[in-house]
Amino acid sequence: MAQTTTLILLLATLLVAATTVSGQGPHIPLAPSPSVNEAMNCAAGLAVCLPAITQRGPPSQECCTAVETALTTQLSCLCGFIKSPMLLIPFNVTDFNALFSKTCGLTTDPNLCSETAAQAPLPKTAAPVPGAPKSDKDAASKLAGTGLVGIVVITIAAMFY
């Protein structure tokens, strides 16, 4: 029962943090934001790693495969966990990247989610026109997408407990 409560608390914390971050004022994204489908796939894929995080045991092969997949196809989602270590502090995990790269045998660049690495693959765009900042017309859809992902993750977690 305590494990279920802890898991739901973790997922709720992740949802609140993600909603707060995506609801902040205009910003320049460092890495391309994942679409709702990509975020749902990433969160669902990494859900297999929760036992390794909560029980502090070695991750399963399924978890290692999910992290490896996220490294190659869903980097912006994985960087969200790597760049927000405060989300995992209740589980005494301070370095998400080190936890899985060491135990899964994955070799990752320590600067994988740094500003320069995250900006490198972005296509060149025209410089913004000086003047008043533009309003973020997609803010509501970002908040709705984040909330939807959170609800899906919490529902999936609740189904297994």
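Each residue, glycine too, has its Cβ placed from N, Cα and C.
The Cβ neighbour count for Cys79 (disulfide bond), using a 10 Å radius and every protein chain shown, is 22. The DSSP secondary structure for Cys79 (disulfide bond) is helix. The disulfide bond annotation in Swiss-Prot covers Cys42-Cys79 (among others).
Annotated disulfide bond per Swiss-Prot: Cys49-Cys63 (among others), in sequence order, evidence recorded as similarity to another entry. Under DSSP, Cys49 (disulfide bond) is assigned to a helix (H, G or I) in the three-state scheme. Take the CB of Cys49 (disulfide bond) and look out to 10 A: across all protein chains shown you find 22 other CB atoms.
Counted within 10 Å of its Cβ, the other Cβ atoms near Cys104 (disulfide bond) come to 21, all protein chains included. DSSP assigns Cys104 (disulfide bond) to coil, not to a helix or a strand. Feature annotation from Swiss-Prot assigns disulfide bond to Cys64-Cys104 (among others).
Marked as disulfide bond by Swiss-Prot on the basis of similarity to another entry: Cys77-Cys113 (among others). In three-state terms derived from DSSP, Cys113 (disulfide bond) belongs to neither a helical nor a strand segment and is classed as coil.
For Asn92, the entry in Swiss-Prot reads N-linked glycosylation site, with the evidence type sequence analysis.
Positions annotated as GPI-anchor amidated aspartate by Swiss-Prot: Asp138.
Swiss-Prot lists 1-23 with the feature signal peptide.
Using a 10 angstroms CA-CA radius around Cys49 (disulfide bond), the disulfide-bonded residues that qualify from Cys64, Cys77, Cys79, Cys104, Cys113 are Cys64. Note: the CA-CA distance between Cys113 (disulfide bond) and Cys79 (disulfide bond) rounds to 6 Å. Mapped onto three states, the DSSP output places Cys64 (disulfide bond) in helix.
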